Amino acid sequence: MSQEKYIMAIDQGTTSSRAIIFNKKGEKVSSSQKEFTQIFPQAGWVEHNANEIWNSVQSVIAGAFIESGVKPNQIEAIGITNQRETTVVWDKNTGLPIYNAIVWQSRQTAPLAEQLKSQGYVEKFHEKTGLIIDAYFSATKVRWILDHVEGAQERAEKGELLFGTIDTWLVWKLTDGAAHVTDYSNAARTMLYNIKELKWDDEILEILNIPKAMLPEVRSNSEIYGKTAPFHFYGGEVPISGMAGDQQAALFGQLAFEPGMVKNTYGTGSFIIMNTGEEMQLSENNLLTTIGYGINGKVYYALEGSIFIAGSAIQWLRDGLRMVENSPESEKYALNSHNNDEVYVVPAFTGLGAPYWDQNARGSVFGLTRGTSKEDFIKATLQSIAYQVRDIIDTMQVDAKTAIQVLKVDGGAAMNNFLMQFQADILGIDIARAKNLETTALGAAFLAGLSVGYWKDLDELRTLNETGELFEPSMNESRKEQLYKGWKKAVKATQVFAEIDD
């Protein structure tokens, strides 16, 4: 065993950190996971302690070594993937954050975002960054920290403070301050990065009064950014050579290397990303334009659609309504439903995401009769996830002017066979479920391994994460369109009800 080499992926998520060791076949050798504290200072605010995140990462690195018996000198390279947009500002000399990390979900900077919109910057920001102006992205979070921590603006202008998303923070810590870098995919989510010119945008920085000296250097997704300081990696000096935001890492882990390839991660929400190739395409229908990844001197762009409620709708059945004991049980109930699919659940618990962007909408149910059973209700909830995915896939095809032939899927709810079959039916295309559902961590490992020659090229990677199961559509066209028309009616009625509430 002592001669075998491995790749370690660090997957720093919203609620936990994980370290996974992969072998040459792309198989998981061991993993370790640690949750950390969610901080809610006020309603709608979400923060993390950046030092606690760093401690959790150190803990899972140790855990992965202990579980596997792999030694630090057997790790050929490290790949990092992370919760995107979450913002850290720290003191360059002490290495201490000057405020908590402001998390992507946090709405504390919404007034700043509204101010930018009212000043007429929507189109300018969209053309430069591919994003809509929103508190979701890092730009307003940096501005908020500089405004609310005494003396921060002045210190930033003197070059005493550094900004980074979580990838940047972890590389800076692992290298003991030797590398202050980010990658294309994370930079593209800051709302400060010009994704066409591939540079920090001076005009946006001026509008927000953010000193350029704070910003990390932007690098490709697969290159050596630095080496671990031996005292942070149990004596090992290992290259950190792959980085990507979590959804882009999943795109890469799903081997979606060709333009037109699309992946959907069924997590708490659902994130659908299409590789659009080397040409940047601005969405005309409220999807986000972003960078998928950049390797070998080329940058590949992507369109992204976000669904707020996917797997969490099944959690609601379990925890809120107590209709199921556990999430996998929903499949059994759905298969035992014998109604004619006339019940529609619109799970707009926190509004509707793409392509509607209706924050006032709330959850609703249509088509109930005296004969409606628990099984019917559970089935309708699962179907709502598939209908929302169709909303985005239809929009993507219009934006990209291309027909999507197959949808690559991963994430927890992708294990639900009923949902996957209904997804294939309502889209009318094949659903390819990855054999290895650890696609986010695998994507980071692939990027790291390519850079150091652990894997030779994309062709070698294509042999590693084959499709586990293919779901083919079996519903006839008229039935499919009749069901989808009912969904569109249900969404419209939900939005009308929200208007009446005003």
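Heads up, residue numbers simply count up from 1 along the chain you see.
Placement of Cβ uses the backbone N, Cα and C atoms for every residue, glycine included.
Taken straight from Swiss-Prot:
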type	residues	note
BINDING	T14, T15, S16, T268, G311, Q315, G412	ATP binding site
BINDING	T14, R84, E85, Y136, D246	sn-glycerol 3-phosphate binding site
BINDING	T14, R18, T268, G311, G412, N416	ADP binding site
BINDING	R84, E85, Y136, D246, Q247	glycerol binding site
MOD_RES	H232	phosphohistidine
Tell me, by DSSP, whether S16 (ATP binding site) is helix, strand or coil? strand
Would you kindly give the Cα-Cα distance separating T268 (ATP binding site) and Q247 (glycerol binding site), rounded to the nearest Å? 13
Would you list, in sequence order, the recorded positions among R84, H232, N416 whose CA lies within 10 Å of the CA of T14 (ATP binding site)? R84
Which number gives the other C-beta atoms within 10 angstroms of the C-beta of R18 (ADP binding site), all protein chains shown included? 22
On the Cα atoms of T14, R84, E85, Y136, D246, which are listed as binding sn-glycerol 3-phosphate, what is the maximum pairwise distance in Å? 15
Just name the winner among T15, S16, Q247, Q315, N416 (the binding-site residues) by count of other CB atoms within 10 A of its CB. Q247
In sequence order, which same-chain residues at least six apart have a C-beta under 8 angstroms from E85 (sn-glycerol 3-phosphate binding site)? W104, Y136, F137, S138, K141, T165, R189, T190
Number of other Cβ atoms within 10 Å of the Cβ of T268 (ATP binding site) across all protein chains: 19
Of the binding-site residues S16, D246, G311, Q315, the one whose Cα sits nearest to the Cα of H232 (phosphohistidine) is S16
